[in-house]
Amino acid sequence: MEQKIASLCFSCCVILCGGLSGTFAKPDFNLIPAVFTIPEDSAAQTLVATFEISFPNETIDNVVLTPTSPFQLRWFQLNVSGPGVYIVEVTLIGVNLLDFETLNQYNMTVSVTNVNGTSSEVFFIEVTDVNEPPICSDQSPAGAHIHILEDAPHATIVYRVRATDPDHGDIISFSLLSVDPVSGLSQFNFNEAQGMLTVSSSGFDCTADTNFLLDIMVKDQNGLSCNLTLTVTVVNLDDNDLVFTAPSERVFWISEEEPQDHLVTVVAVNDTEVFFTFVNHVEGFYITPGTGEVKTAFKLDVDEKPELQNNYILVRATNYIHQRSVTLSLTVYVMDINDNPPVCSYYQRILQIPETTPVNYAVVDVSCTDRDVTSPNNVLIYSLSTDANSEGRFIMTEATLKINSSLDYDTADLASVDYKYNLKIEVYDLGVNISLTSTVTVIVVVTPVNEFSPICTGPVRFSIFEDQEVGDSVSPNKPSCTDQDYPLDNLRYSMIDDSAHFYIDPKTGIIQLLNPVDRETKATYRVTIKVEDFDQDTDTTNVKTIFQDYQIVILNVNDEPPVCDPGIYDITIYSTLAAGGSVVQLKCDDVDSLDGELEYGIVGGNTNGRFVLSNAKPPSVLTLSTFSYFNLGGINDPQDFQLLVKISDEGLAADKTRRLSSTATVLIHVVPWITTAPTTVTTTVFTTRIITIFDYYWKPDSWFIAVMTIIALALLAIIGLISYFCWKGMPCCWKFCKPSPSVKDPPLLKADELTDESSSSQKEKAHKNVPKPASSPEFDGRARDPMTGNEYLFNSVTGQRRWI
């Protein structure tokens, strides 16, 4: 019936929790069976329940176990392992926690939480009954001691055995095992059903035995038992004898911490002219001599003095007038109460452990004690209280704090709490009426370990133009290098080769141009970058390094004009050379342009248009027509031609703003030549003609000659005056008459022989052919000025510097 009720409650809880679990995908709780059983006498760390939680497409952030009463949370411990299919184990923390007779069923709720919500299920823990032995209340080393008068009538109760059985419904029976001496068997009756010892019908005889030792056993129906010893002293009834008439009981229980003068009992005898004393020394108690009141001498604390728990007192009543006395044995038990909380050797501890510390590593042992002297008041239970950040990271195994899951330093969550876990360990005792608790705070600081090497991704090939300025970035962004250790991407860069042309910023990893490059000298550079992490481990020597190769391609820029070899051609030909004949083949090239991209054109010296360039690359100088000499009254060609050929690059480029050109001079000497035809005999025919030849000349007037003479004389006078003043003031003459720069090579063409286009080209050429100053020395290093913080380039050989 109870199982059916539990199943029904479980079904209802499942329906209710399912309706409140949220809208996200519900995990699969494999709670079959839904009721778990455990014996009430189970030891610590006993596995109570185990089940699975399947959450294949989700990650569980937290699993919480909630019992019916929050106090019972201290009795059970939850262990979770995953991911994917999570194994949940519920274990018992301590001993003597479960009692079938007190509570035999626990309703437990397991809640699963992730970013989408919370889902819960209910299961039950049933405590099964275990047969426990009876408890004899008078069980003490000396046993119970009873005095009875010899004239006690028949059926007088001598002693009633006080015993209980923790198991509800158990029937206990009493047995008198032995009586010493055996004569007591006839003087006592023992009721085995009630555990009652009475006086038999034969009564007592003080002339015989007066002290009897009885051994009594209490047993339940399952055979478990306890034993007690009873001593009975028969007091001789004589007019001269003293007899204790009170108390009827000889065993007393009081709690510790009772105040001073707390009354325990009052003893009395059959005489009023007596006073009472203790025969033996009993610490903590005293007796009033006149009244027989047994009281506490001070506030009893069995935690301070455990020997006060069991007190055996011999009370003597003495009548000095009649010289009579009698002795009574009393037993006083001082019961321990839970009045001391756990005391720990420390209440706050700060520990540093590396993030790679393995699971189940013992972080710290919590050393606590309880001054209470009896169980369960001094039985300690250790419970770990965590926040959301440290949930599931640690576990308490008895008094040892252990790591339950890996500690990862490289997470944003841990960084947000300064890489430390704040843990509270509640240490409480199992006091019967009240449980006292102490709290130990443990701060676990996780230290970093350099676990990961840098990783570089992204492009490994960069391109720059050969005319980029020193200091320009080669790579548009820093290299795509990362490091998973915190702090993230804490990297340092250095270049291990080709540092004469390139420089890498050690912080950003951006590659910069250190010295000018020339594509015509070297078109591709391969550089190796050293990437190492730092400040990611407490051990500064634990540094991880990788090497990354990069290729830097130098892009062409039209910065070199075409060059002809030789620059001046000196050719001699005969005038008989036919039209289209090749005079000379030009040999020109451009180091940064293809031959097919060069354009050629004759821009000067082609008198009468006698020459033309072929379509070949490079072209040849061809004759366009035959030369004309010996033409009387006609047009005659000169015998020396000075051709100026313009060679321009970037002929096929759309953008001709960076176009460069140069010229080649072709000196052609034409030797007039007449080809002698074979002599033939012809008949001469004479024809009479009249040829009129006009000779034109200019004859100026007389006044023009006079004017020109006067002007010439005036000019001579002016020149003479200027020469005189220059001679008189030589510094002034030096000031205005500076020597003109020497011209090594005369111009090949006159000014009026070039068109506007050729003039502009010549100006551009002259501008580009202006002798450049000696190229800047190559700098092979880069440094930062410690005073100003500015960077500069330097040549380690000459010591020359250039500020960047």
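Just so you know, glycine gets a Cβ as well, placed from its N, Cα and C.
Bear in mind that TrEMBL entries carry predicted annotations, made automatically and left uncurated.
Annotated signal peptide per TrEMBL: 1-25, in sequence order.
If you look up TrEMBL, you'll see 41-136 (among others) marked as domain 'Cadherin'.
Here TrEMBL flags 140-249 (among others) as domain 'Cadherin'.
The domain 'Cadherin' annotation in TrEMBL covers 285-344 (among others).
If you look up TrEMBL, you'll see 345-456 (among others) marked as domain 'Cadherin'. Here the domain 'Cadherin' (345-456) has a mean pLDDT of 87 out of 100.
The domain 'Cadherin' annotation in TrEMBL covers 456-564 (among others).
According to TrEMBL, the feature domain 'Cadherin' maps to 565-680 (among others).
The feature transmembrane segment is assigned by TrEMBL to 703-727.
Summarising the annotation, TrEMBL assigns region 'Disordered' to 748-804.
Residues 470-471, 514-515, 776-783 of the same chain sit 6 or more residues outside the compositional bias 'Polar residues' (793-804) yet have a Cβ under 8 Å from a Cβ within it. Annotation comment: TrEMBL describes 793-804 as compositional bias 'Polar residues'.
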For the compositional bias 'Polar residues' (793-804), residues assigned helix / strand / coil by DSSP: 0 helix, 5 strand, 7 coil
Tally of DSSP helical, extended and coil residues in the domain 'Cadherin' (140-249): 5 helix, 53 strand, 52 coil
Tally of DSSP helical, extended and coil residues in the domain 'Cadherin' (565-680): 6 helix, 48 strand, 62 coil
